[in-house]
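Visitor: Here you go, one structure.
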Amino acid sequence: MAGIVGAIFSALNCVCGTTTCNCIDQYRNFNDDVGDLRRELDTLTNRKQDIESRIEVAEARGGQMVRREVQDWLKQVQDINVDVQAFLEKVQGIKWYKRACLDKLVCRKINVVRKMLEKGSFPEGLVIERAPARGNRIPTENLVGQISTKEEIWGYLMGDEVGMIGVCGIGGVGKTTIMKNLHNDLQRETRFQKVIWVTVSHPLNVFELQKKIAGAMDERLLDDDEVMMRAGALMDIMGSVKFVLILDDVWEKFSLKEVGIPDPKAQNGCKVVVTSRSIELCKKLKYLPSLANLKGLKKLDLHRAGIEVLPQGMEMLISLEYLDLLFCPNLKEIQTGILLNLSSLQYLAICFLREITRVRNFEEVARLKKLETLECNFDDIQDFNSFVNKFKDFQRAIAYSLLVGSAEDMLRRSKHELVITDCEIGEECIVLPNKLEDLWIIRLKNMGSSLSKIALLEKANELRTCNIFRCEKIECVVELDSSSSSSSLRCPVFDKLEELSLNGLPRLCELVRVEGEATPPNVFSNLKKLCVANCWGIRKLLPVELLQALQNLESITIFFCHQMEEIIASLDSEASSSNKFTFTFPKLRELWLWDLPQLKSICNAKGVMVCNSIEAIVMHQCLKLKRIPVQLPQLDNGQPSPPPHLREIWIDKSSKEWWESVEWDHPNAKNLLQPFLKST
């Protein structure tokens with residue numbers, strides 16, 4: 001018996017490789033070790049998932065890549081996980097005595113898992129900054145005949161002086177081809193970290209433009225952010241990179257700040273290149289490329305350009321016929337001699353430049369023999385007189401808009417315009433150019449009480465429009481002296497006048513003043529539009545004796561004349577007469593009476609106004625007006641009818657009660673005109 005038992009233990013010893021007691025002990029420890037292995041593997045799996053989540057967040061921010069050691073660790077963890085899981089499934093079905101023999105293997109796997117946990121701490125981080133790729137090459141064509149243009153743009157890209165570059169021209173001239181070649185050349189340059197090409201959509205979509213730029217930067221913007229928030233995020237992304245941004249085929253102007261593009265300048269070394277068919281876009285830049293090769297260029301419009309210097313090669317534009325430099329306040333100078341070389345110029349606008357820019361070139365302007373249209377401004381009357389005296393070509397039919405003084409804008413309403421603002425008129429007369437049609441006098445100092453006695457108007461016999469603003473000393477427009485010869489009763493400067501506007505004249509008390517004589521019928525005989533506004537002293541507008549001359553009047557507009565009592569002032573004899581009298585405005589279309597709190601009558605109680613051409617009547621806050629003397633036309637049956645061209649009668653809502661009380665020439669007029677009544 002003892003031999004059998006010994007044989008059994010001997011067999012167990014042979015099978016298990018240890019003593020029976022040891023096998024039993026190992027069996028007891030086996031379940032504990034397997035439990036430890038499971039727990040360690042769970043910890044390692046959780047560590048792996050945490051690291052993967054952190055990597056996902058880092059990659060979402062963009063500009064970063066996973067460290068290679070982290071990538072290797074993740075792969076090893078995945079392999080270990082597969083191996084251990086397979087092992088644990090396998091030991092589940094093994095007999096108890098065989099499990100005891102696998103305990104050492106379980107311990108080894110626990111050690112492997114623990115070592116991977118130790119390696120997964122990564123004190124230097126999980127990711128590193130991605131080395132910025134400068135961009136991908138773009139398929140393009142070889143350049144033919146455009147090498148010099150490409151080299152010129154390349155020079156601006158490599159230099160520090162120019163941050164923004166505009167490449168302009170009509171479709172098909174090769175703008176995009178040039179820029180594609182430059183884009184590819186920039187890939188080999190180490191000067192820039194990123195070269196970005198974006199074709200701008202038409203019509204412009206800022207949201208899509210932001211998305212394209214961010215995508216080219218290997219970044220991603222949140223779609224649910226508003227444009228301003230996205231612009232801030234894009235500004236942060238681009239602000240850390242030295243870039244070249246090529247915006248191809250731009251049709252509409254937009255703000256770099258609005259999109260989120262940092263301002264390219266020498267400090268950040270960035271560049272923005274815009275290709276466009278519109279010079280209106282490119283001229284917003286502070287610097288334009290050389291024009292020396294554009295000898296056939298006929299039109300150059302730099303209106304409101306941000307340029308600080310004229311483009312190089314301007315003197316080579318021998319075919320240039322049109323040059324607009326209006327509102328270029330940053331332009332430092334027009335170099336001497338440039339305008340003389342532009343001998344083909346027919347249109348020249350050089351208004352609102354710096355003082356140093358505009359004054360020195362007047363003699364050159366005066367020598368442009370082919371000039372047909374001129375717009376320029378002068379600091380004072382002395383400069384203006386000097387220029388007009390030198391510019392003998394004003395004797396021929398040349399269109400002009402000339403500004404003297406400090407006005408902020410050129411009105412540019414007619415072909416022959418003069419604006420005089422904030423100037424002092426001394427004893428010397430202003431030398432007027434021929435054929436002056438449109439005159440604006442604004443805040444003129446030392447001006448007399450009458451417009452007709454200003455020396456500057458003595459030769460303005462072609463005047464069509466006269467606008468007088470805020471001249472505090474004017475008391476009347478025309479002043480005639482009947483005590484002198486009969487010629488003094490004529491005022492030829494106003495014979496052809498069609499529009500008269502008087503605004504902000506606090507001392508104005510009458511339009512025409514004649515001492516001891518009736519107003520001559522030829523004064524204002526061609527006047528079509530009369531506007532009087534903010535003239536607080538005038539009480540009576542038109543003397544009745546002037547009406548015969550106003551047969552061409554089409555519009556009467558009176559605003560904010562708070563002392564105005566009567567539109568047509570009657571003679572004393574008419575006021576006391578019981579006879580009815582009629583006056584006619586055969587062409588009057590508009591009558592505007594606005595905020596005239598003291599207005600009591602349009603004419604006296606016996607007067608009747610015939611104006612069958614009337615189209616619109618506007619009466620606002622004229623609550624003391626008791627009678628509207630418009631005579632309605634009559635039908636064949638003798639009944640009144642609305643004027644044939646009448647469209648509307650406007651009153652303010654607060655004046656409805658006044659409308660009900662106001663009188664018309666015919667008792668049924670109010671009912672007939674009710675369909676035309678509107679309220680503001």
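The backbone N, Cα and C atoms fix where each Cβ goes, and this holds for glycine too.
Just so you know, TrEMBL annotations are computer predictions that nobody has curated.
Features from TrEMBL:
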- 1-17: signal peptide (SIGNAL)
- 27-61: coiled coil (COILED)
- 149-286: domain 'NB-ARC' (DOMAIN)
- 520-628: domain 'Disease resistance protein At4g27190-like leucine-rich repeats' (DOMAIN)
Visitor: State the non-local partners of the coiled coil (27-61) in its own chain: residues 6+ outside its ends, Cβ under 8 Å from one of its Cβ atoms.
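Guide: Answer is 70, 74, 77-78, 80-81, 84-85, 88, 91, 96-97, 99-100, 102-103, 106-107, 109-110, 113-114, 116-117, 120, 122, 126-127, 220.
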Visitor: Kindly report the helix/strand/coil residue split of the domain 'Disease resistance protein At4g27190-like leucine-rich repeats' (520-628) according to DSSP, in that order.
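Guide: In the domain 'Disease resistance protein At4g27190-like leucine-rich repeats' (520-628), the DSSP-based counts are 11 helix, 39 strand, 59 coil.
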Visitor: What are the DSSP helix, strand and coil residue counts for the domain 'NB-ARC' (149-286)?
Guide: 54 helix, 25 strand, 59 coil
Visitor: On the 0 to 100 pLDDT scale, where does the coiled coil (27-61) sit on average?
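Guide: Overall, the coiled coil (27-61) comes to a mean pLDDT of 79.
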